[in-house]
Amino acid sequence: MKSSEIRQKFLQFFQSKGHTIVPSASLVPGNDPTLLFTNSGMVQFKDVFTGKETRSYTRATSSQRSVRAGGKHNDLENVGYTARHHTFFEMLGNFSFGDYFKRDAIQYAWELLTQVYKLPAEKLWVTVYQEDDQAYDIWATEVGVPRERIIRIGDNKGSRYASDNFWQMADTGPCGPCSEIFYDHGPDVWGGPPGSPEEDGDRYIEIWNLVFMQFERDAAGNMTPLPKPCVDTGMGLERIAAVLQGVHSNYEIDLFQNLIRAAARETGVTNLEDNSLKVIADHIRACAFLIVDGVIPSNEGRGYVLRRIVRRALRHGYKLGQTKPFFYKLVPDLVAEMGQAYPELTQAAERVAQVLKQEEERFGETLEHGMKILDGALAGVPAGGQLDGTTLFTLYDTYGFPVDLTADICRERNVEVDMAGFDAAMARQRDQARAAGKFKMAEGLSYEGADTRFEGYEKLELDGVKVAALYVDGTQVERVQAGQHAVVVLDATPFYAESGGQVGDTGLLESGGARFAVADTLKIQAGVFGHHGVLESGSLAVGDTLLARVDAVRRARTVRNHSATHLMHKALRQVLGAHVQQRGSLVDPDKTRFDFAHDAPLSAEQIAQVEAIVNAEVLANQPTQARVMAYDDAVKGGAMALFGEKYGDTVRVLDIGFSRELCGGTHVSRTGDIGLFKIVAEGGVAAGVRRVEAITGDNALAWVQNQNALLLRAAGMLRTTPADLPERLAQVQEQLRTLEKDLEQARGKLAASAGNDLAAKAAEVKGVKVLAASLGDIDPKALRGMVDNLKDRLKSAVVLLASAGGDGKISLVGGVTADLTGRVKAGDLVGFVAGQVGGKGGGRPDMAMGGGNDAQALPAAVASVQGWVDERL
């Protein structure tokens, strides 16, 4: 039975039991900052299990794409060396949200395994939690599993409820016993049943885990029965495929064998058992699907995990002798295997291959050099020894070797790595970076009052606000005097505090004779706004009542740029593709600067398309709408959650024209308020990240007017109209090319004429003609032509010509005819003269060039040539 058929039969079976088939969630958890990657089927249902969210169904089934690499769940170092470790795997699961419980879950599992997949019942063993008599009885009396094949597992991890058969989401919250199903590979394979001393052997392999969430655990460890118990099950597709296909290693199943053959094809390897092929076959799955879900290789977070996996695959390709990009060529093979089950892979295949190829080319430049450094270092380390932390860090910092990649190589050679030394070197670098950094917000502002009430969405002026706290030089004070720089915390404010890329507001705080100029607004902690500025007059004390007034003109320019950013983000996705995701932004009164995931520069046509789309939305003058709702409802409604951002349970959804994003910033009331949108710059800021700068409103109008003025000025200089300027410029360019050609011909004639005059000045040294001369300001190219001409005229000669320009720079050209290069070399001659005029030179035996900058020394240097030649003849 093929892997694709196993997956399909699983989903269809549970669909027939009233389950809704739910598509795989992204590998990037949508709303769980505690997880680096989605690593199980229950992740997308976490809030349903905890009661924070409800769905339209109470039964679900899915095939969840999962990754375990980096963070707590990290299988990377074992991949390729064991039968069942993977970075990427598929978790088949069925779930009940307060619907059925143990009886149905157990019976469904048994029916699928024995009647649909037709596994021999006598090959199946099960485990239950020691105290879970209900599950034990269902297995024994209702399903009919012999009691000798039902094993109770107690608290085998050192504390109460710490057991392989007791699951808990965290220290507190939903938890409960679980029942695991094992397959017996038979007595020919070493190992014992679960719970025995030999349980780590490969004879009994876990294929399915049924989790029964029936308790709520509090901080004191007390267990309270849940009013609606739930079921969460997980069965690895790769493991069940190995069982159903009669193989012992996951890498022997059809899906992996096809990828291994593809890897062998691209690396030229014939031994399909090579572990490096297994590594490559595993890693292409993880890398491709991470890119599909918006992760790109980088030096931090999820992007760095992806980079580590890619580079580990490339190192194994290098080990197999492949030094050219090959990894990206496996994408079509992966699409053939998994594209039908996951259409998103097929849709993004070209993009995936492009990202992988670029990463291969980037790392390929340093891989060979890094391997030479590592090989040299390991040559001096005996088996069982240790590679020093300094070398580890050099490979990481200079050659881009992730430390686990170096450790992988060392392990193959039975060498340990000095992680303590590496960590120390890394810490030193971080300390240096911190020392060099400058932080905008003073650290250590302690505030224990209520959060600031923000009213700046509707108001730019707010009277009657109270001073809640004052800070001078980081210290909390009761009063501020005129002339002092301070931070003011208010109970309420119309000032927006810098967040989400939008700069903070400026303006005034006034009361009687007190006037505080706000230069910036920043959060001193979550929910607390600090107004930074200087008290221009009067005094200010805690408890004072003020009028807070935002600089309305500056705010208006800022919100125009912010709203335009949303429209531009949407337009970029339309023009370039759905892979475009925000990587950073800065919105201030002057511009919007937007960083996004994309690999290639934008063409002029693409920029024009984006501008046209945004300005069409501006002209439509649609009203904007902001709503507060649950995060999951927002995402279901099509709101874009920005990559890498963390959101609370409740979010603000902003509709601007055709854009819908989660955003807490300030915006225009109607799209027409943006006025005009213009992109003024585009470039790269990092690997796979582009930056666009754009302006709006009066800034955009001023830019257009300035460009028009430049156009009119240029047209006037060429005595034409702006409309005819391109044609006129083409004419001027053609005229320039003709003049340059004529000039070149004139220079050639001049050189020939000068050569005729110089030839007569050649001296004879031991029967050899020697000519050395300084000619004033002559182009180096013309100088070389003159040397060639003189060599032809003199037939057998040594020639050195020099020119000194008005800027003091000296050009030297030396030539030696072929019959003399055995005794006199042009490169040596030019080097000798250049050394006397403060420069360097060199070249071939028959022709060489050089230069210098000491014009005063040039006459003596030229005069020394005859003596130098005489010494060599």
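Note that Cβ sites are derived from N, Cα and C of the backbone, with glycine treated the same way.
Database features (Swiss-Prot):
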BINDING   HIS562, HIS566, CYS663, HIS667  Zn(2+) binding site
* To do: List, in sequence order, the residues of the same chain other than HIS562, HIS566, CYS663, HIS667 whose Cβ lies within 8 Å of the centroid of the Cβ atoms of the recorded Zn(2+) site.
  => GLN502, VAL559, SER563, THR565, LEU654, ILE656, GLU661, GLY665, THR666
* Structure fact -> HIS562 (Zn(2+) binding site) falls, by DSSP collapsed to helix, strand or coil, into helix
* So for CYS663 (Zn(2+) binding site), how many other CB atoms are inside 10 Å of its CB? -> 26
* Work out the three-state DSSP category of HIS667 (Zn(2+) binding site). => coil
* Structure fact -> Counting every protein chain shown, other Cβ atoms within 10 Å of the Cβ of HIS667 (Zn(2+) binding site) number 25
